[in-house]
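J.: Please see the structure below; I have some questions.
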Amino acid sequence: MYKYYIYTADVCAKRIAKLYVATLLLGSLFWFGDRVFCKEISQWQVNPQGHALWHVFMGLNSYFANTFLMFCRAEQRDWSP
């Protein structure tokens, strides 16, 4: 993905790639926090549900990755993405 990113000139496509990385990091952060601090977080009045947020961010991550790669493939085939 990085190689596609550095050779892509389109600003919108680069933004989608950045959203891919951001959702990957956020999802990993929520999962790790939920995994490490599970006992402490479960005693709070409001549980932020880190594992559920991980699923949300990984779903977005999958969408952004596929969208960016489809754009790159369309560029390679000289289509007008």
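Note: Cβ is positioned from N, Cα and C throughout, glycine not excepted.
The transmembrane segment annotation in TrEMBL covers 12-32, 52-72. The feature Zn(2+) binding site is assigned by TrEMBL to HIS51, HIS55.
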J.: Long-range neighbours only, meaning 6 or more apart in sequence with Cβ under 8 Å: which ones does HIS51 (Zn(2+) binding site) have?
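T.: Those within reach of HIS51 (Zn(2+) binding site), by Cβ under 8 Å and sequence separation of 6 or more, are PHE30, TRP31, ASP34.
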J.: How many other Cβ atoms are found within 10 Å of the Cβ atom of HIS55 (Zn(2+) binding site), counting all protein chains shown?
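T.: Neighbour count, Cβ to Cβ under the 10 Å cut-off: 13.
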